[in-house]
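What follows is one structure encoded as structure tokens, with my remarks underneath.
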Amino acid sequence: MAAIIRLSSVCRAGVKPLFYQSTLLARPAVVLHKEHLQPHWLTARIHSSQPLYAGSDSKASLHWTAERVLSIALLALGPVAYFSPGPVIDYSLAAALTLHGHWGIGQVLTDYVHGDTKIKMANAGLFLLSTVTFAGLCYFNYNDVGICKAVALLWSK
Amino acid sequence: MALLLRTLGRQGVCLSRPHYRVLYSHAAPMGTTAKEEMNKFWAKNSRLNRPMSPHITVYKWSIPMMMSITHRGTGLGLSGAISAFAMAALVLPGSYTHYLDLIHSLSVGPLLIGLAKFGIAFPLSYHTYNGIRHLYWDLGKGFKIPEVYRTGYTVIGLSAITSIALALM
């Protein structure tokens, strides 16, 4: 009933006057009291605040961008490692590879692991794995031939 | 009301712009976040021990689907190999060259060596080329179905050529 009244007033006087009626402003805050005033079958339940507030600076959005930047950096490291191998590239590769893998596996876990505790456990395990991986690669770079040389030696056989 | 909203949605009307807000003026914002809703879904369905509806077992596999899961598979495989290498470096006593010489002394034939090199080169090439394809998508390009297939076949072709070339080096 309320819906019919409002639509007809839109048709009659156009949209602009409705802006001055405060009851028609979509309020993003949760107003639990108001839900009782309108029968629920007349109410469309929507996530109204998301498109209004998700700017480009949310944590998730920045993470997404960082993932792409890292991917491009890793792509660039390939040819650089081939043409000028050395300790700087070795450590850069160690960092970039580990982080790219860490974030990648993180997305896989987000897709397939459900339930708050399971998610927390899986992410903790991943963090441990990535830490050990980075430590191992740095150890290899420092105490052994290093990543670039290792690949070259492996391929020479 | 819902019908009106759906019709508008189908025509690509952006409902979040101010002059459309009057249409869901009596809409009540959800009291829960999307994450909470997802958790509720999984909690309820696993509590009731409901079986998962068949999806990948009944849906016809397509090239884009296979390429997508291969991208994930190669990524996991490569990451696993790197982690295994790193842990071996920490745990094993000898040096890298020591273990390389060990493998040398096995005198594995050139065919098997080539195969092993291909086994390393293919996941790396495929994941790299398909990764570039993903970045292309992130720019918002190449979503039309023929383009998806064209870029897909290009990735497969380039991966095969690159891996074979690397295996022969």
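Residue 1 is the first one shown; counting continues down the chain.
From the backbone N, Cα and C atoms, a Cβ is placed for every residue, glycine too.
The heme b binding site annotation in TrEMBL covers A:H100. Annotation source TrEMBL lists ubiquinone binding site at A:Y112.
Cα-Cα distance from A:H100 (heme b binding site) to A:Y112 (ubiquinone binding site): 19 Å (rounded to the nearest whole number). Other C-beta atoms found within 10 angstroms of the C-beta of A:H100 (heme b binding site) number 20, with every protein chain shown included. In the shown protein chains, 8 other C-beta atoms lie within 10 A of the C-beta of A:Y112 (ubiquinone binding site).
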